[in-house]
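Asks: Pulled the feature table from Swiss-Prot, pasting it below:
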- HIS7, ARG46, TYR115: substrate binding site (BINDING)
Amino acid sequence: MGKLSTHVLDTAHGTPAAAMRVELYRIAASGTPELLKRVVTNLDGRTDAPLLSGDEMRTGIYELQFHVAEYFEGRGAELAHEPFLDLIPIRFGIADEDGNYHVPLLVSPWSYSTYRGS
């Protein structure tokens, strides 16, 4: 069976992004998001368990929401009253229930990058 995982790296400090709040949503055909999980990254910037695995893995559209402003404020970063990046949504599709989907996020208070990992 496949699985979904993530890994968040803080490129401003050169460290894993520990204690970042992440939410996983499944997007219904109507476009309505359904909250599946709320997690917090561990000391390695990962989740302690896959976000989806086994019977939870279904084809469809999903969205990960990363609470980056909250994370950087917790690290003591001086952010504007309206931070440039607050919440980063990454919407993606799962086409193969048996596939491994890894969604890394490399992030600073001013930029981010993602890709499909393995």
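Glycine residues also receive a Cβ, built from the backbone N, Cα and C atoms like all the rest.
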Asks: If you skip the near sequence neighbours and keep only those at least six away, which residues in the chain come within under 8 angstroms of TYR115 (substrate binding site), Cβ to Cβ?
Replies: PRO104
Asks: CB neighbours of HIS7 (substrate binding site) within 10 A?
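Replies: Counting Cβ neighbours of HIS7 (substrate binding site) within 10 Å gives 17.
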Asks: Cβ-Cβ under 8 Å from ARG46 (substrate binding site), same chain, 6 or more residues apart: which ones?
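Replies: Listed in sequence order, they are SER5, THR6, HIS7, VAL8, PRO16.
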